Amino acid sequence: MRNNRPVVEVVRLGLVSYLEALQLQQVYMKRHGSGPAHALLLCQHPPVYTTGIRQKPYPAATLDHLRLLGAEVHQTNRGGLITFHGPGQLVCYPILNLSNFKKSVRWYVCELEKTVITVCRRFGIDAATSPHTGVWVRENKICAIGIHCSRYITSHGFALNCNTDLSWFENIVPCGIEDKGVTSLSAELLRDVSVEETIPLLLEAFRDQFGCRLTDGRTQKTE
């Protein structure tokens, strides 16, 4: 049965712009047209604010202010409201065909949440879900989740704060949730936790949660 598990290609993109990551997601989504071609894109972004589809357009003055801070601003087709991405944040874009897993968007989001909770717990952090989407440590969000799914092909994903500069979040109401804060692995552990340190734990948790095999996109090494 081991060999019947779906194979997911892990693609390490490094630091890439948000728009470049969007284009790459489209490329990997199109690969599913000729058969299963699951991929997990891992990256970091230069500072960028993104808005989701559950939100009216922001006033132009507000967007201009965010740009003056040195960040890009983009509207997307993912679920959710406004959030921030930047260096020190592990951004994961699973490009999966849920037909090979389970045809349920709710199940998929829950599995992403469980994956991140496992990562946090392996760092000794007690994380949990809440009525709001994402993963939380007490009243502070440590991981935002916003996905898109078309014909059971997923895109967008989640962003786990590792050693992110959290002051960027002070300029917005993250995910539109009032009276809540944000945190990171580094803030919780009172030490620097890099994206590079986090990736192996994330891959292990993702593999176990989704019952898949991981293949390195560069070396074809499987886990």
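One-based numbering along the chain as shown.
Note that Cβ sites are derived from N, Cα and C of the backbone, with glycine treated the same way.
Note that this is a predicted model, so its numbers are computed, not measured.
Annotation source TrEMBL lists active site, acyl-thioester intermediate at Cys175. Summarising the annotation, TrEMBL assigns substrate binding site to Arg78, Gly79, Gly80, Leu81, Ile82, Thr83, Phe84, His85, Ala144, Ile145, Gly146, Gly157, Phe158, Ala159. Annotation comment: TrEMBL describes 34-214 as domain 'BPL/LPL catalytic'. Annotated site 'Lowers pKa of active site Cys' per TrEMBL: Lys141, in sequence order.
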- Sorry to bug you, but what's the C-alpha spacing from Lys141 (site 'Lowers pKa of active site Cys') to Phe158 (substrate binding site), rounded to the closest Å? 12
- Query: So for Lys141 (site 'Lowers pKa of active site Cys'), how many other CB atoms are inside 10 Å of its CB?
  - Reply: 24
- Fewest other CB within 10 angstroms, which one of the binding-site residues Ile82, Ala144? Ile82
- Note on the structure: Quick note, Lys141 (site 'Lowers pKa of active site Cys') and Arg78 (substrate binding site): C-alpha atoms separated, nearest Å, by 18
